[in-house]
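The region 'Disordered' annotation in TrEMBL covers 1-49. According to TrEMBL, the domain 'Heparan-alpha-glucosaminide N-acetyltransferase catalytic' annotation covers 52-176. The annotation transmembrane segment is assigned in TrEMBL to 53-73, 93-111, 123-142, 162-180, 201-222, 311-332, 344-364, 370-394, 415-434, 461-480.
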Amino acid sequence: MDGGQSVAKRHAAGAEEDPDRHRTPPPVHAAADDLDDDGEKKASRPSSSSRRVASLDVFRGLTVALMILVDGAGGEWPVIGHAPWHGCNLADFVMPFFLFIVGMAVPLSLKRIPDRGRAVRRVVIRTLKLLFWGILLQGGYSHAPDELTYGVDMKHIRWCGILQRIALAYLVVAVIEIATKDARVQDQSSSGFFSVFRLYLSQWIVACCILLIYLSLVYGVYVPDWEFTVRNVDSPNYGKVLTVACGTRGNLSPPCNAVGYIDRKVLGINHLYQKPAWRRHRDCTDDSPHEGPFKRDAPAWCASPFEPEGLLSSFSAVLSTIIGVHYGHVLVHMKSHMDRLKQWVTMGVALLLLGIILHFSHAIPLNKQLYTLSYICVTAGAAGIIFSMLYFLVDVVHLCYVFAPLRWVGMNAMLVYVMAAAGIFEGFLNGWYYDGPNNTLVYWVRKHVFVRVWHSARVGILLYVLVAQILLWALIAGLLHRAGVYWKL
């Protein structure tokens, strides 16, 4: 994913009951954490009346696995990598899925904290932790796994990223949830398709306000001409100052959109992501959708930075999290499997169709970097449908063992994200090389065990990611699960 990708996750440390002992929907636990209000681990005793929502752990694990897949194999398989600009490939679903999961867990975890002050304190602390890890892993300090160096010039540190966006979305929706929830509502059972919408009408009003502000800025802000200094040392234009001509408003093209303009003005152009997906745009390289050398007549903006997790697009991304919150509300208030699934599937299909119509009617194109309305609808709709399928298979039909590896990853998602998706473990292994830093253990295994056996770099790298990264860390997460060890934020 752009900028590393990925994940605010909250993982339970408590003992869990055998899900096969329940045949009717039980009261749900947050698929997030089993901490008491003071942050200490509670005594974990199996209960006959409550359990975790296993399907949410599975969905989280699936999303982490997708992140590792697209990060590791997206370069060889562009169809799973990020779309260079308009469009939606497999990698473009990862971030919205994480936001959806974060939103869904919010009402499950906060409903057990009646004191608003303690709830706000917990939310703020977790937000700060996510921001810290996001800046550390994606700000430029860590160069793992490709370079055996570390450190970042503060003049060029990247302030935005995957975890930062998740942190901000979590903060917004959690504060809204705390501010708008009514203690009398929490124990009510809801019936009727629109009952949950009515209970939380104020949250949907906030969502509409966010959407209106986003659309007003995207289509109303004037974007003037701008310039930048080429920082890529391999570019023949290294060190030169190039100018990009715009002078327009309401433009959704790579160089002249309001999303990038606001990031350049507020964050500063030196603090944006230096290798955006648009480098693979057909206007920039003949190898599109693969990355390759720029055309001789490539426009100047091809070499410029762009922040795919920027300010305005993160503001819009809050809507993905709010939709997830609604799915969590349905889980809390509706007690029938069938009622829950009807609500979730209907909303998921409606969002998916709306997004497709907006895109193919050329009203609002799908675009991950801009986080457009059609992109929100398609990805949130897909998240809702996939979660509904997992809920049916895992929590209704109880096919728990089939999805156990994904559940293990989902319960220790932060660990797997840092070690696998962020490349910290491979960076550690690369520090032990033979005869030269270009002959690392990871390089040797990838080349000789996978690529050379299959006589194909594309197939070999794909298998390496599936086996040596995803499967390996699923097994490690399973061992940690058996030992009761979890990395929690």
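In case you wondered, yes, glycine gets a Cβ from its N, Cα and C as well.
Sequence-distant contacts of the transmembrane segment (162-180) (same chain, at least 6 residues past either end, Cβ-Cβ under 8 Å): 1, 3-8, 95, 98-99, 102-103, 106-107, 110, 116, 119-120, 123-124, 126-128, 130-131, 133-135, 137-138, 200, 202-203, 206, 309, 314, 317-318, 320-322, 325. Per-residue confidence over the domain 'Heparan-alpha-glucosaminide N-acetyltransferase catalytic' (52-176) averages 91 (mean pLDDT, predicted model). Between the transmembrane segment (53-73) and the transmembrane segment (123-142), the number of CB pairs under 8 angstroms, six or more residues apart, is fewer than three, so the stretches are not in contact. Contact counts against the transmembrane segment (93-111), taken as Cβ pairs under 8 Å, peak for 311-332 among the stretches 123-142, 311-332, 415-434. Residues in the domain 'Heparan-alpha-glucosaminide N-acetyltransferase catalytic' (52-176) partition by DSSP class (helix H, G, I; strand E, B; coil) as 79 helix, 3 strand, 43 coil.
Here the transmembrane segment (370-394) does not touch the transmembrane segment (123-142). Their Cβ atoms form fewer than 3 pairs under 8 Å, with each pair 6 or more residues apart.
Ranked by Cβ pairs under 8 Å to the transmembrane segment (415-434), the stretches 123-142, 201-222, 311-332, 344-364 are led by 123-142.
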